[in-house]
Structures are given as C-alpha cells and as structure tokens.
C-alpha cells in the first residue's frame, strides 16, 4: 500500500442482528467498521479523493436453517460484520474486531447448542485444509433442482453428495486467488475494456464445435471448472474503473493499483471468513469508484447492496450434478466388481459395462484382462479422463450372479435408481454364502462319486472310495488353501499327488485273483471339480470374440494348469509304485465292473445337482439347469456314437445346450449363463476321458516305476505329458464353437440395449 495513504477505522454502534432477521436474540451489539482513506497534501493536483470500498457480507447462518424455497432467501439475508483487510493490521483495531467476532460466535454457539438438530454444525473445507463458516447441510439432495427447496440442517449426507460438496466448497475457496490475479491483470492493462473481455469469455452456444456430445454428461473436472469459467461466477473478478482520461490513468496508476489491491484484499478476506455466501458474492459486480472532491477527512460508509441468489443456486446445481456423476461412476465400478467376483462370462464383460455406462450417460472405456478391469471415465468437455483399476479374485457364485444381473437389468430399463442399485449391490457383497462350507465339502465327494459311471467307466464298488477322495479334495480347497498363501499356489499339484497316490493304493488291492477297485477311474474322478475346463472355455471364447489379450493369457494359463495336474498325477502314482512293486499299472477299468449305458443317464442330474450346490446356485435355478444338462448329455452321447469324433460331439452338444439356455433367457427372463454353465461342466469330463487326457499321466508314472523310461521312448513320453493340456484345448475349442453358433441362432442381431448375458 502507498505510504501516502492511511486507512482509519471508524466504529459506529449499530445493532448486528435484529429480532426480525434471526430466530434467536442477540445480546451483543456489534460495531460495523467504516473506512476512511486519507491522503497527504503532497499530491493535491488532480486528486481523485477518497474512494468507497465495498464489502460483501455473508448471510446469517440462521437463514440457512430456515425451511422454504431457496429463491426466497433474500428476506433472511442480514448484514454480517465485514472482516477488515490484512493491510489494516497496523491500525490497531483488530483486537476490538476479534472481540466482536468472538461475541457473535458465542451467541451462535449458544443457539446451536439449544437446537438438537444443529448441535454440531459442519464446517466448510478449503484447499488449504482450513475451515470457515458453518457448512450448509442438506438432507436427501436429489438431482432435480426443484426438489431442493427443503434445505435441512443435518450432518447425515450421502457419501457422494458429501464428496461433491467438499469439492465444490474447496474450489470455491480456491477461486479467491483466481479473482485476485484477474483483478491485478485488469488494473495493469492500460485502456482495456472489461466488457469486451467478458464478451470474449462467453462461449457461443450455437457453435457445434464448442458444445460437447449431447449423449454424455460432463465429468468431475468440467463441473468444477464451472466455478471458475461461468460468466455468473467470475464477474466479481472484473473491476470497472471510472476513468475517462487515459493520461490521468497513467499518471495515477500507482495510487489506483494500491486502491485496487486494498479492494481485492478486503473482498478476499471477507469471502474467506464468510465462505457460505461465496455463491452470492460471486454474482455481484464490484461498483465503480466514486470520484469526489479533495475534502480531507470525509468518512465513507459501506453501501448495502441487494443480494442475488442466482450464484447460490448455481453452486447448488453444480454440487448436485457433481454428486450425481460421482454416484453413477460408483455404481459402474461396483457393478464391474460384482460381475467379475461372481463369475460373469468374461468375453462379454466389456459389452455389459459399456451398455451400463451408455444408459447412465457416462462416457467410459473398459479394458478387461484376466482378474483385472481397467475403467476410464472420460470428460468430453475438458478432454480428460479418470482411470480406475478393478482387481478381484474371480470365483463362481451362480446365485449372487443372478441377483447382480437382476439389478443390472433393472437399471438398464429404468426400473431402479442408481442409489437403490448401489445399496442392493452392497447388500449382495455383505450377504453370506448360500451354502455352508461343510456342505460344499460333502458335495465335492458326491460329485466325484456320480461322475465315475457316466464318464470314467467306474463301477458301483468304486463309488464309496471316490466319495472319500472327493471330500479330501474339498477339504484341501476350502479349509487348508485359504489359510495359507504359500499352499494356495501348490493346491492343484498337491491335491493331484495325494489323490493319485491313494487311488493307486486302493486300485492295487487284490480280490479273488483280480483288482477290486479301478485305479484310473478313482484318479480321474477325484480331481473332476478342479479340472481347468472352465478356464480353457473362457480363454477360447475370448479368442473367438477377438479379445486377444485376455484370451491368450487365459489359454496359456489353462495349459500350464493342466500340466500341473498331469504332473501331480504322475508323481503320486510313481511314489506309490516306488513303495509297492506289485502296484497296478492298468489305465482302464475291467468290463465286468462297468455299468450298463442305460444306468448312466441317471447319474447326469445327480452330478448336475452337485455342481449347482458347489457353485452356490439357488434352488429356483435347479430345474432348468438339470433339464438343459440332461439334454446336452443325450445329444453328446448319440453324436459320439455316430461320428466317432469327440470334438465334433462336444461342438454339437454345446450347440444344443446354448440354444436351450438362450431360449430360456429370451422367454423366461432368466440368466442363460447360470443355466448353461453346469451343463458345460458335464461335457468337459466326458471329452477328457474319451480322449485319454488323464490316462497319459498314469502311463508316464507306470513307465517310471517299471524302469522302462529310456532314450528310445523319451519322445513318446514327452508327447504324453503334453497330451493332457492339448486335449483340454481341443475340448474347449469344440464347446466354444457350439456356444457361439447357438447365440447366433437365437440372437442373430444381438441385444440392442443390454449385452448378451450368456456364452
């Protein structure tokens, strides 16, 4: 500030609040300061004299506690004491000023403590981590501006609304620095017309290149930038100076800049301490400096200007719009996590998420890789993006997957709001599994027992042993593997080693000159629920749908996973062969112990039921899944009898399964994926046993224990060790071709609004 100017405060006793303007009596009369700018006698020629410095006052906190429309808030506005500029600290009147502010705070605290609703008023945050006046808390804020008339004083806000309010409040406080810089720039530009600048800042709405896409909402950044770039909010940074002679402006540029600096500091300090009225302050135009005579010692009081609530309404609109965008993005992320966790078809995940984002008018890009989804929310107004990574451990839960799909469809067809959908997804996440762990372990045993007759040529005598081995695998997977991260990485290998060792031990038991149990059937049936059939199937489907990254990664992992199982079978069988030289080396079951084909069809619904329970399917999903599974098995059985080629039989069987599932989804409004998946699991063990995938590991183990592994047979054994993985790939390719063909038949043009929730 100039050395030739002095700021003096004049304190006139004035009542701060009247009983008509507030709901509580004010026992203290506060002093409202007025400023007197004095100048020395050095510059007497062409002196502009003292100038009025306006101070924008914030409304009383009692006004925000009133119920009623926002548009009628003018009647509650009161004159709050203006906070002096920091440049006036040398005057020595700040102590008296602070005393008045403390008195007002004490009276407000007394009234707040008497009110049970407003006992702890929230504070308005700023970018410098400080807090200013009490924050306006609104309950049940909705996206419709007309429904915002009931402004309540409560601290319980939705998470997205609170986050949006904090963002708007912080950037409103940060706008003070933006205003100060614009004011200094306007003061330093000689002869610049401010009105022309305001016209240049306005965007031509008729320009098609200036407007973003109408089908998408703006992002978070574009809504926050409205606080800076909107013409209604930046007018306070434009200062209109009343000077007609440019030479006089240049002559007194130093003194004018000093006055402008004082004005900006007063305005900034007033907004900092009275932050709730920042929306009102931003809509006012700083008045022109009045030019008076050279009379020294004249006092000038602050003018009382009528407040406009358009800025406050604009801030409310930005806050609500920002909260709505954050809530929609939160729903999309939660939906993505739920679909991945509960086992949605991975090759259609990107399509599902794109459909959900399009309906919600959110611009989003999605990239799926196994176990991870990269989500990018774009902003068409600012050409920026907000990236999120959703990383989960994918499992299969058919029951909760159906619930997630119901929420997904309800939001797509406007039968459910986003807020209700988020609550529904949270409840699904928090809900316990439908079946307890010990029930899953028991049905692991039943699944191993029921798969033997129809896929691995097992007999009635083999069923109890298969049940014991299956329960052992279930205990390893559900009780031991989750407790140890190190063991979880070796679960497949150790499980196949233990079951293969015990299977050969039971198969070596002699009875009446022959073998009592079938070694190959027990070894294959024990690990049926940990076969990588679903992994290979998803990989082949992703490759067929041109998702090369996810399909290639998953297919390679499935092959390595298959080699792990084959290696475990070989090690387990070889260990028992090393201990017992009379161990069995048969890779097939005797014909005398095998069941008749007419009995095998009875085990298909039993095995399907075990799969449904293991995969947490609800009882309402059982009948359709069992019917589709039986139909697929019948088609596969007779096709294999006719063609003699197992890949062709798998393709035709999966085609029948896919057609039935998609028809059920189209007519019955069900989830085709949940109905089809157990039927696909029935196809995998049959094809694997028909092509001798598991028996290759048994052959390697037999060669090792009998010391027949030499240089001449090394190439044959190496091929056999890879046969398990290659057989799994062949089966998956046949099944994926049939499933894609079935989707093309039932949905020749796809689904227009939502993605196809099937294979």
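Glycine too: its Cβ is placed from the backbone N, Cα and C atoms.
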Given ranges 188-211, 212-235, 236-259, the stretch to which Swiss-Prot attaches the annotation region 'Disordered': 188-211
Dominant neighbour of the transmembrane segment (643-663) in 486-505, 517-537, 597-617, 726-746, by Cβ pairs under 8 Å: 726-746
Contacting positions for the transmembrane segment (726-746) when only residues 6+ beyond its ends and CB under 8 Å are counted: 531-533, 536-537, 539-541, 544-545, 555, 558-559, 562, 646-659, 661-663, 666, 676, 680, 683-684, 687-688, 691-693, 756, 758-759
